[in-house]
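For reference, the structure discussed in these notes is given below.
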Amino acid sequence: MEKRSGARAAKENATTKKPRMLRKSPVAMKQQRQDEGHEPRTLSVTLDRDALECPLCFSPFEASIFQCKNGHAACEACCARTHRVCPSCAEPIGDIRCRPLENAIAGMLVPCAFAEHGCTWRLRFAEKQVHEALLCQHAPCACPVPGCAYAGLELGDHIRDAHAAAGDGDGDGNDVVSFAGSAAVTLRRGTPFRVLLHETDARVFLLLNGGGVPSGRSLSVVCVGPRPCGNKSLEYTLQVGGGGEPGALALSASGPVPCTCRWAGHHPTEAFLFVPDAYWGSSGSVSVTVPVRKVTADKV
């Protein structure tokens with residue numbers, strides 16, 4: 001028995017054991033492929049846009065997507081708005097993340113809608129809406145002058161050619177004011193806005209004259225066009241003279257300039273300069289100075 005046991009032990013020691021192979025996780029394998037210089041694997045597919053939007057608010061899905069136990073998905077804001085109750089099946093929603101959909105959207109690159117106009121950006125799906133509305137330098141801009149149907153890439157040139165000589169210069173209409181660093185405008189109380197055209201880069205600004213405030217008017221500035229390229233933004237200062245009453249103080253306000261490619265008559269509700277009725281005087285007008293400058297975005 002001892003000899004047999006010894007022979008068996010010798011045989012087992014002589015046998016080379018194969019090392020145990022551990023399977024790498026998909027994340028580690030993907031990282032290894034990238035480190036070795038492999039091209040990322042891509043797949044071209046066609047998706048219905050509805051599949052990438054929250055079915056409750058119809059906004060593009062962003063970072064956090066949640067689902068109930070029955071698989072109904074919703075964005076984080078809608079989970080809070082519905083008090084964490086799934087509107088489809090009344091099950092709790094807001095605790096279970098929908099990781100596969102999050103990963104699919106995070107890795108998805110889509111072309112800008114204005115690619116045919118020259119934009120070469122490929123964007124994350126959640127970034128697409130902001131890029132096209134505010135940032136794309138190739139987005140067509142609609143003319144804000146009432147009755148004009150122009151929408152194109154050369155709004156400044158269009159304003160200069162079609163509308164610069166339309167007004168009579170007395171501030172009673174929507175005539176165009178060209179300026180370099182600072183625009184000087186005579187604004188009548190009943191004029192809804194004045195068009196300001198920057199002479200250097202042909203940017204189009206609107207000096208808005210809104211109501212909705214008691215005993216006065218609200219003045220604000222908006223840019224009809226994309227934001228400046230790079231880490232830049234626009235900032236304005238509104239300065240209104242002493243008004244029609246003796247001893248009236250000058251008014252001023254400053255802030256970032258909102259940018260839009262299509263002004264639809266909306267007025268900023270948070271940042272504006274309030275001009276009391278007394279400032280409009282017997283002529284019903286005020287003198288407004290509007291300096292506009294580019295600043296780094298982190299200063300705004």
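Positions of Cβ are set from backbone N, Cα and C atoms, glycine also.
Quantities reported herein were computed from a predicted structural model and do not represent experimental measurements.
Per TrEMBL, the feature compositional bias 'Basic and acidic residues' maps to 1-15, 32-41. Annotated region 'Disordered' per TrEMBL: 1-41, in sequence order. If you look up TrEMBL, you'll see 107-164 marked as domain 'SIAH-type'.
Residue counts for the domain 'SIAH-type' (107-164) under DSSP, split into helix (H, G, I), strand (E, B) and coil, are 23 helix, 10 strand, 25 coil.
For the domain 'SIAH-type' (107-164), the model's pLDDT averages out at 85.
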